[in-house]
Amino acid sequence: MLSYVSCGLLLALVTFHGTARSEMVFRCPSCTAERQAACPMLTETCGEIVREPGCGCCPVCARQEGEQCGVYTPRCSSGLRCYPKPDSELPLELLVQGLGRCGRKVDTEPTGSAEPREVSGEVQDPLDIGLTEVPPIRKPTKDSPWKESAVLQHRQQLKSKMKYHKVEDPKAPHAKQSQCQQELDQVLERISKITFKDNRTPLEDLYSLHIPNCDKRGQYNLKQCKMSVNGYRGECWCVNPHTGRPMPTSPLIRGDPNCNQYLDGQEMDPSVDPPN
């Protein structure tokens with residue numbers, strides 16, 4: 001799983017976790033011939049070659065229809081987008097974990113409608129020129145707080161009736177979040193508070209963020225990477241899957257550090273805290 005964060009998804013996260021904003025557009029820096037020449041050669045045959053996620057310049061194989069996709073994976077092929085499961089309660093978490101699926105683009109906007117389209121839990125792939133656009137979300141109506149209050153009151157009444165009739169609440173409580181998931185939530189909260197000026201976001205604010213790469217169990221993936229910056233691949237390193245701390249013997253490189261070779265019993269034991 002590649003650990004390069006898509007700027008397009010970062011901005012999509014802002015629209016999910018922040019207030020309604022107007023349409024935001026920014027361009028990645030252009031790729032020079034020198035930077036492209038420094039990219040490693042592809043060792044596999046690709047149905048379609050695209051730029052790596054984020055603002056990187058190196059070529060990667062695009063994901064095909066039905067293949068898994070997400071924040072840390074190559075983008076989907078032309079005509080496809082990365083979607084979470086339709087019934088998912090946490091679509092963003094699925095995309096961060098790379099558990100989305102590449103599917104055909106679905107245009108849900110009615111023809112000739114002036115209403116803005118609501119954002120779904122999809123990864124919007126940047127174009128090859130580096131342009132990323134995030135559709136606006138519909139602002140809440142004036143009576144939204146009242147509706148929300150009524151819904152909460154209805155739920156409380158229903159819960160009281162269920163207790164009176166000694167019926168258990170069918171919804172099981174959420175399991176305690178892991179350290180990686182807690183760190184992820186903190187980063188998403190920071191993203192939602194980024195200030196946007198003139199409908200453009202300062203890329204430096206996005207570059208400075210590190211979104212932890214969590215696996216489906218909530219643990220840290222062995223390989224963690226920073227965003228691609230100015231066409232250069234982000235630095236990658238290996239971490240303890242339980243604590244997220246760097247493995248002392250692993251390197252910090254712009255590429256795949258092959259983290260499995262640095263694993264030993266100590267890193268796999270959650271009770272052992274590695275040295276700083």
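Heads up, the Cβ atoms here are built off N, Cα and C, so glycines get one too.
Taken from Swiss-Prot, the feature signal peptide applies to 1-22.
The feature domain 'IGFBP N-terminal' is assigned by Swiss-Prot to 24-105, with sequence analysis given as support. The average pLDDT the prediction assigns to the domain 'IGFBP N-terminal' (24-105) is 83.
Feature annotation from Swiss-Prot assigns disulfide bond to Cys28-Cys55 (among others); the stated evidence is sequence analysis.
The disulfide bond feature in Swiss-Prot is assigned to Cys31-Cys57 (among others).
Counting only residues at least six positions away in the same chain, the Cβ atoms of Cys57, Cys58, Pro59 sit under 8 Å from the Cβ of Cys39 (disulfide bond). Per Swiss-Prot, disulfide bond is recorded for Cys39-Cys58 (among others).
The disulfide bond annotation in Swiss-Prot covers Cys46-Cys61 (among others). In the three-state DSSP assignment, the secondary structure recorded for Cys61 (disulfide bond) is strand.
According to Swiss-Prot, the feature disulfide bond maps to Cys69-Cys82 (among others), an assignment based on sequence analysis. All chains included, 27 other C-beta atoms sit within 10 angstroms of the C-beta of Cys69 (disulfide bond).
Cys76 (disulfide bond) falls within a strand when secondary structure is assigned with DSSP. The feature disulfide bond is assigned by Swiss-Prot to Cys76-Cys102 (among others).
The feature domain 'Thyroglobulin type-1' is assigned by Swiss-Prot to 177-259.
If you draw a 10 Å sphere around the CB of Cys180 (disulfide bond), it holds 23 other CB atoms from the protein chains shown. The disulfide bond feature in Swiss-Prot is assigned to Cys180-Cys214 (among others).
A strand conformation is recorded for Cys225 (disulfide bond) in the three-state DSSP classification. The disulfide bond annotation in Swiss-Prot covers Cys225-Cys236 (among others) and is backed by sequence analysis.
Sequence annotations record features per position, and here Swiss-Prot assigns disulfide bond to Cys238-Cys259 (among others). Less than 8 angstroms from the CB of Cys238 (disulfide bond) sit Leu222, Lys223, Gln224, Pro246, Met247, Ser250, Pro257, Cys259, Tyr262, each of them six or more residues away in the same chain.
Counting every protein chain shown, 27 other Cβ atoms lie within 10 Å of the Cβ of Cys82 (disulfide bond).
Note on proximity: among Cys31, Cys46, Cys55, the disulfide-bonded residues of the record, the Cα nearest Cys225 (disulfide bond) is that of Cys55.
In this view, Cys259 (disulfide bond) is surrounded by 19 other Cβ atoms within 10 Å of its Cβ, with every protein chain counted. Cys46 (disulfide bond) sits 12 Å from Cys76 (disulfide bond), taking the Cα positions as reference.
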